[in-house]
Amino acid sequence: MDRKQYCVKLSVQPSRGLVDEKFIVLVQNVSPGFQMTIHALHKCEDGHSYEAFAHYTANATGTVNVSEDPSLGGTYSGVEQMGLLWSLRPVPGSKPGLRLRKVNVQTPMEVTISVYQGHQTEGFMDQVPLVGVLVERWYMAPRVRRIPITENGLTATLFLPSGLGPFPGLLDLWGGEGKLIEYRAALLASHGIACLTLDYLTPEITMETGKMVDSQYIETAYRVLEQHPQVLGSRIAMLGLSLGASVTLKMAVYSQVMKLRCVVCISGSHVQPIDGFLEELLNFCRINSETKTRINEEDQVIYHDLLLPIPTDPALKVDVGRLQCPLLLVVGEDDQNWPAYESAIDMKEMMEKAGNSHLLTVLSYPNAGHLIEPPYTPHTRATAFLSVTSVKKVMALWGGETVAHSRAQEDAWRKTLAFLRENLYGSSNCGF
Amino acid sequence: MSQTVPPVLSVHPSRSLVDEKLKVLVENLPPGSPVTLHSLHRSEDEHYWEAYGHYVSDHRGIVSVAEDLSVGGTYTGIESMGLLWSMRPVPGSRKGLRLRKMNVRSPMLFNISVYNGLITEGFREQTPLASALIERWYMAPGVQRIDIREKGVRGTLFIPPGPGPFPGLLDMWGGGGGLLEYRSSLLASRGFASFALEYFNSGELESAELEFSYFENAFSIVKDHPQVIPDKIGIFGLSLGSIMTVYLAAESTIVKPLCCVCVSASHFYPPGKNLHGVFEVMTMNSHMIRVDENGHHAWRDMGLEIIKEPSNRINVEKINCPMLLVNGLDDQNWPSVECADEIAQIMSAAGKGDLVTRLHYPDTGHLIEPPFSPHFRATKFKTATGKQKVIMLWGGQTKPHSDAQEDSWRKILSFLQHHLYSRETPKARM
């Protein structure tokens with residue numbers, strides 16, 4: 001090895017961070033003008049490997065600072081402090097349609113950041129880098145407590161922030177795939193909110209009885225939060241993504257039991273039969289899917305039209321004009337899976353007519369897709385998807401262009417946290 | 001009070017290395033609200049340490065420790081890290097405690113809390129408004145820890161993450177003996193393969209028969225490790241460890257360090273003897289140990305007497321590598337400043353003055369440790385006879401000593417980086 005190159009110094013700070021924290025990647029001690037590739041490698045829990053890389057040229061002091069210097073090419077370009085994370089994609093030769101999601105939130109994601117000589121685009125695994133460091137990315141801050149909830153027939157997990165509390169609470173719902181997804185709730189708890197993530201599509205009780213839960217199941221989850229000694233019962237919010245947003249809107253408007261402080265809907269729609277609950281909603285989707293599902297040239301399935309056109313019949317949409325607490329809608333304008341954008345426009349109109357539009361904030365992101373996740377989560381345009389309404393996996397098109405989508409995730413998360421902070425910690429009263 | 005708006009306490013980063021700074025922020029307080037920020041740590045040997053600062057929130061109801069003034073407590077002023085470096089044993093603790101992390105594979109846990117009002121005691125009996133737990137690590141992710149039992153040498157080698165190879169360090173602590181890993185694991189976290197050497201058991205210096213060759217072997221073990229660059233090895237010593245450092249640099253024909261860091265150094269070593277000789281000389285002069293009004297033992301005067309004897313001096317004019325000498329001007333344990341003066345003088349006279357860099361700090365004591373660790377002015381120490389524990393006076397005042405720790409660490413890393421990582425050919429005269 002060339003004696004000069006051993007002395008490359010690489011630092012990533014912080015080396016142990018929360019997944020939504022920024023890091024600074026600094027390379028020092030190379031010759032001015034030295035060409036390098038900075039590479040990120042992550043092997044996820046299911047054994048698949050993901051990588052990102054970018055080309056840099058050292059400045060006159062022999063330094064590259066990823067947060068200040070432009071990438072000249074790679075999986076991202078330009079000045080992108082966090083590009084090594086959000087541009088991660090499955091390594092060449094991987095199965096198509098993979099999606100990177102952490103299942104065990106009690107351990108960190110480990111990412112190896114390395115520096116290779118020259119501007120390279122492949123074969124990283126066959127070489128020894130000049131230098132490499134290991135970075136941990138955590139969904140859970142120290143002493144956030146993870147508590148499985150199975151009482152009252154629920155399938156849920158509660159995450160309590162560290163400290164004595166009491167804390168404001170949040171009910172967290174995911175989308176049409178079902179299962180119990182913990183990472184967003186763990187991260188929110190790391191921000192001081194007691195968060196209950198709820199499996200409402202595939203809970204134990206549905207798996208055993210074959211029956212979908214009714215709205216009382218959601219209300220039971222709400223009660224668990226409300227009555228918890230470390231939760232401020234009068235400061236509970238609800239957050240839903242995709243199908244979870246549909247449920248969230250239904251409960252926010254019609255539930256007599258739930259008194260929500262504020263509501264966040266990501267990539268969601270208010271279009272659904274008002275009567276009934278999950279059974280009816282899924283049937284509605286199933287019926288529409290027979291005629292309105294589109295498949296593109298790449299064999300990717302587009303469910304976007306299932307709820308279109310936005311109905312005028314009031315029996316087919318949640319009457320958001322009756323909402324009494326602040327609502328934050330986060331939508332990607334290139335959402336190919338759900339008409340979140342069109343729904344947002346319609347909801348705005350409904351609320352303007354009803355006189356409660358001062359409660360509404362819409363964050364609409366051009367070129368962002370359906371899966372608006374916590375920041376730096378890699379974007380995938382299409383992944384293998386098995387919805388509870390289908391019998392086989394399809395390649396679902398989510399939409400979004402990677403750079404715009406990644407920016408949207410970062411911006412939306414920051415604003416979501418601020419919205420929750422303001423409404424859950426603020427002293428203003430909500431009228432109910 | 002039960003349903004009122006709670007304040008929000010956040011500490012960034014929540015997991016950090018011990019030499020990294022923190023941002024402690026309290027939000028959502030009433031404006032102009034007096035509060036106390038408190039830190040609590042339970043050590044491995046189950047003692048409690050705490051620090052606290054008094055603040056008043058601004059018009060937005062915010063307290064930012066990095067930017068705001070502490071008006072009272074265990075530290076005052078604008079001190080972003082005061083909640084760590086000003087920690088001391090809680091009231092009622094045993095005397096002479098010292099906080100040292102023994103298991104570096106787990107983090108130190110600190111509970112940071114905010115209390116209503118300006119409190120000075122009884123923290124455990126009150127409920128804070130909010131609290132957060134943080135982790136402070138001596139080991140970065142991916143650092144390897146290797147037990148070494150080779151050629152009769154005992155210690156632990158820490159290798160930085162990545163393919164390597166890396167520059168190496170032989171790391172030696174002082175007269176307390178035992179195996180202290182934390183500085184080495186931190187140095188490995190900063191890119192240096194570092195070997196924490198155990199050269200005698202705690203309190204057993206008397207029986208230590210350690211020959212010079214023990215240290216030469218230790219150096220070779222680092223040098224020969226496949227992930228270490230053989231001609232980029234330095235030596236880091238504190239107190240007794242720095243005596244060995246100076247001796248190796250001057251006298252060894254086998255060991256060629258590229259640079260040395262000596263904290264609270266001395267250049268005295270009875271000629272021809274092994275380490276045991278050090279003990280003998282000290283015993284001979286132990287009548288010079290001064291016991292102060294608190295019953296604390298100060299060895300400084302004894303040291304001054306010992307270094308008067310020219311035959312006890314190491315021939316530092318033979319040293320051919322850059323030396324960084326770090327000293328506290330209030331060192332009560334050893335006249336290390338006078339030693340550093342002499343070392344610099346002798347090397348200068350030999351035309352090697354440019355090899356010596358000196359850092360000396362006012363109101364700073366003997367134990368100059370990695371930054372943000374608490375200051376210990378006097379702690380229990382097992383003397384070389386091993387039979388008794390005395391309270392040893394190390395010296396220093398907390399704030400200046402803590403500043404010295406922060407400043408010196410940065411400069412030590414920069415010195416090591418320059419000499420061990422430099423792209424230029426080393427200037428050391430071989």
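Each residue, glycine too, has its Cβ placed from N, Cα and C.
If you look up TrEMBL, you'll see A:Ser242 (among others) marked as active site, charge relay system. In sequence order, A:Trp174, A:Gly175, A:Gly176, A:Ile266, A:Ser267, A:Gly268, A:Asn337, A:Trp338, A:His370 constitute the residues six or more apart from A:Ser242 (active site, charge relay system) in its chain with CB-CB distances below 8 Å. According to its DSSP assignment, A:Ser242 (active site, charge relay system) is coil.
Neighbours of A:Asp335 (active site, charge relay system), defined as other CB atoms within 10 A of its CB across all chains, total 27. The active site, charge relay system annotation in TrEMBL covers A:Asp335 (among others).
Residues annotated as active site, charge relay system in TrEMBL: A:His370 (among others). According to DSSP, A:His370 (active site, charge relay system) is assigned to coil rather than to any helix or strand.
According to TrEMBL, the feature domain 'BAAT/Acyl-CoA thioester hydrolase C-terminal' maps to A:213-425.
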Protein Cβ atoms within 10 Å of A:His370 (active site, charge relay system), excluding its own: 26
